[in-house]
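Feature annotations, courtesy of TrEMBL:
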- 42-290: domain 'G-protein coupled receptors family 1 profile' (DOMAIN)
- 28-50: transmembrane segment (TRANSMEM)
- 62-83: transmembrane segment (TRANSMEM)
- 103-121: transmembrane segment (TRANSMEM)
- 142-163: transmembrane segment (TRANSMEM)
- 205-227: transmembrane segment (TRANSMEM)
- 239-261: transmembrane segment (TRANSMEM)
- 273-292: transmembrane segment (TRANSMEM)
Amino acid sequence: MEGVNQTKFVSEFILLGLSPRPEDQKPLFILFLTIYLVTLAGNLLIILVIRSDSHLHTPMYFFLSFLSLTDICFTTTIVPKMLVNFLSEKKTISYAGCLTQMYFLYALGNSDSCLLAVMAFDRYVAICNPFHYVTIMNHNRCALLVTFSCSFPHFHSLLHTLLLNLLTFCDSNVIHHFLCDLSPLIKLSCSSTFVNEIVIVTEGALVLVTPFLCIAFSYIRILVTVLKIPSAAGKRKAFSTCGSHLTVVTLFYGSIFYVYLQPVSTYTVKDHIATIVYTVLSSMLNPFIYSLRNKDLKQGLRKLMSRRSI
């Protein structure tokens with residue numbers, strides 16, 4: 001009984017990271033520091049451009065600015081601790097710090113997911129119901145959608161964090177990952193994880209899949225509507241407003257489904273790459289994907305740069 005009490009209140013975990021070889025640590029530090037700085041600069045620039053240009057004060061860009069803000073917070077939850085561990089011999093994270101990181105990992109990751117669903121709904125209304133777009137996507141409804149997208153995931157994350165806190169850890173405190181994720185933490189537990197796994201399979205899958213189904217439904221309706229447009233130019237114009245969003249959705253959900261739509265027991269080191277894609281790379285690439293394929297954003301960026309140079 002004494003041993004169990006000691007392991008329940010384990011003070012820290014060891015994050016093995018991406019590579020055990022000492023010669024890899026400095027190159028990885030430089031790589032992820034660069035990615036982090038590019039992510040911050042790109043997403044902050046998107047927010048500044050949208051706020052500074054009145055022509056971009058529309059629902060689509062309103063949602064995009066919150067997606068960029070969420071991406072900044074999401075990446076900041078993960079990368080700074082990675083950078084510290086790359087340069088540290090003792091790659092540890094406190095028990096409380098680990099649960100805190102996992103909480104924000106799921107809260108902000110699911111906020112991203114909900115915002116992508118809201119953006120798909122916005123495109124659906126704009127293309128399939130253009131005459132009522134202004135009425136449907138009014139300011140109050142947009143604010144409500146953003147509030148829900150950024151608040152509901154916190155309840156989901158809190159549930160999993162509290163359930164994880166009930167587990168005991170007695171065999172090892174070594175996490176075979178570069179962050180505190182639910183699956184590798186559950187694998188470390190020596191107590192029953194039945195409730196945790198049931199909640200992951202039911203509530204977790206529901207929270208993960210529902211936004212994706214909303215996106216899929218929106219784009220099926222968009223596709224049906226666009227195919228009815230007689231002119232090729234009209235079809236291209238309609239699809240051009242969705243191309244960037246579809247690219248981001250594919251990158252984000254492709255890697256998430258690879259990691260999470262599998263039993264906890266099958267989670268392996270190979271899932272690290274997919275985790276990097278949806279936690280780090282997607283946040284860095286989003287500003288480039290949206291700006292390179294969007295004339296309004298590029299024009300807004302030129303206006304912002306011209307004002308800064310005066």
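Glycine too: its Cβ is placed from the backbone N, Cα and C atoms.
Heads up, TrEMBL stuff is auto-annotated, nobody curated it.
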Spatial neighbours of the transmembrane segment (28-50) not adjacent in sequence (6+ beyond its ends, CB under 8 Å) are 17-19, 56-57, 61-62, 64-65, 68-69, 71-72, 75, 79-80, 82-83, 86-87, 280-281, 283-284, 286-288, 290-291, 297, 300-301, 304
One stretch in 62-83, 103-121, 205-227 has more Cβ pairs under 8 Å to the transmembrane segment (273-292) than the rest, namely 62-83
Here the stretch out of 103-121, 142-163, 239-261 with the most C-beta pairs under 8 Å to the transmembrane segment (205-227) is 103-121
Beyond a gap of at least 6 residues from its ends, the CB atoms lying under 8 Å from the transmembrane segment (62-83) belong to 15, 17, 29, 32-33, 35-36, 39-40, 43-44, 46-47, 50-51, 93, 97, 101, 104-105, 108-109, 111-112, 115-116, 118-119, 122, 142, 145-146, 149-150, 178-179, 279-280, 282-284, 286-287, 290
